[in-house]
């Protein structure tokens, strides 16, 4: 059986605790067989080829339902039920790149666009309405005002997509859903319609219309808008109430690429940290084939921070997005019976109308018959509280209540105070009056309770405050380094992802708790899921001005124009924020771009030791890994530089790069390195690059040598012509 367990996370209203897919009685599980691109010289139909392959492995065990799905449009592969032994033998068949088990993934603004300097009246291209943003997520709520098609003409002629069991319009021009295993939960809507809210939220951040006078029960009020409000939206729904199967995610990529989207936005990821070979990772696979068709994939970095090595999407051909804060905070006050007032963070829409409620410490209410004592009950763990003792009271916990216990508490208690050492950079929405306080304040309130015969408290409705330290990277945002390829920097850049107001499904729970009956059209949510569509929109914005730019050129423009962020506020430095904070206006005119294409990535893969046969399957051509075609990581033309070294060892690394002039017809750029560390030497050759035409390319080398005596050393290489400053982050680490 599969089951759901709602739990609190700093980054989301809820998350899904996913169980391993249940095996059938014969020991078979669902596997994805990835075969690269479609071969150009094969007459046999794709599905027939897949059936033949399955028959060769299964023999007399082959049944008509063994083949669950064939990927036929943008790349070659299929989904089938296999035993571990059969999967192993399948890996040995000609043309198979990888075979991996189907697993589950989880879902990973009035203020934010203004905060990053992208105002409502920004200059727009007339072709913005021809840009199609493909959103792979939980679906969309089409009746939202954010997706009105008022003023829109018919879809662009290039569009090949369709709408399945869904009321599309001239704003939402495509909508499909996927469920290869055919199982649905009782709360699932079998269409691209969003019953959760997450997909609607992400889509509206990227390309929602302007909607005035929106708020969450009066909080965050203002005009909500997407980054490219004139762009079209195509929705691909692989997520359901129980899970997001990666086989369905891969089908969503297959369809989106074939339909002709311009940008793909995906805010999904694994529920735990995983490091996967690039061509056993559906995100890397889908993004690679999108790149081949000129489509950039924008992907959320993940919500598993703040530790290092928590980012899982490491492929160089996709854009990994970290989440940063904005200068708005939602603060909530609690007043005790003695008049003392404490302030914490939450998005609390409930108003207790100055009514005091009895206050109790969870450590004083253990469920003794259930075998619990105060050392457990103080954390408000599942079943640890005597629910009769806390009924009608505000309860002080040393951690956030989790699981089904949260559901029961809603009908029992008057509110929750959480005094814990957890970071206070995110304001969560609870299903009842609640606030997250500092550990110190929690201790003071606990002392008040112990010294007072009838302790009481009032939790006030939240108000807005200003965070003068913003932007900095949210504690939940996954951090690098890149565990797959150490000398490629990840994440790539950061964008607003904390306390973002955007459209919501009115049938989705605002807090992730089913018994929470509040219904809204706009909700405040945090996560790298929210940061990702900001970058998606910026990429679409660039594409509207430069329709012929490659995915790598757009990625370069976004990274080299990003605003540097503070190392003092982000001790993980570039492993937290990549190139820095998104700046869409500067990104449209970056001056120079670091471009790359499929051939460059093939050379990189050769250098990483990928088998020639597999590379040929991926590219569907005669690519080979000859001596002249094997590229090192240092040769891949990325807009960032990373070096992994041994702390005590002298090293020397040479990077080969080329830049393309997209700024002024005639220009002269001079290289400079910011604050080079004393133990390192940087040398750029040549130090001056002169251009005489648009599109002209120039090559250079960056040599870094020396030793480091700290874990992370940060710097930047800047090409400056007096008008454009093209900045690339440089990181040396051990």
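Backbone N, Cα and C atoms are what each Cβ position is placed from, and that goes for glycine too.
According to TrEMBL, the protein carries these features:
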- 1-22: signal peptide (SIGNAL)
- 30-104: domain 'Inhibitor I9' (DOMAIN)
- 129-580: domain 'Peptidase S8/S53' (DOMAIN)
- 137: active site, charge relay system (ACT_SITE)
- 198: active site, charge relay system (ACT_SITE)
- 529: active site, charge relay system (ACT_SITE)
- 635-732: domain 'Subtilisin-like protease fibronectin type-III' (DOMAIN)
Review point. Using DSSP, what's the helix, strand and coil tally for the domain 'Subtilisin-like protease fibronectin type-III' (635-732)?
Key: 1 helix, 60 strand, 37 coil
Study note, to complete from the structure: Students should find that the Cα atoms of residue 198 (active site, charge relay system) and residue 529 (active site, charge relay system) sit apart, in Å rounded to an integer, by 8
Point to revise | DSSP-derived helix, strand and coil totals, residue by residue, for the domain 'Inhibitor I9' (30-104) | key: 24 helix, 21 strand, 30 coil
Review point. Where residue 529 (active site, charge relay system) and residue 137 (active site, charge relay system) are concerned, what is their Cα separation in Å, rounded?
Key: 10
Point to revise | Number of other Cβ atoms within 10 Å of the Cβ of residue 198 (active site, charge relay system) across all protein chains | key: 28
Exercise for review: For the domain 'Subtilisin-like protease fibronectin type-III' (635-732), would you mind checking the mean pLDDT of the predicted model?
Suggested key: 95
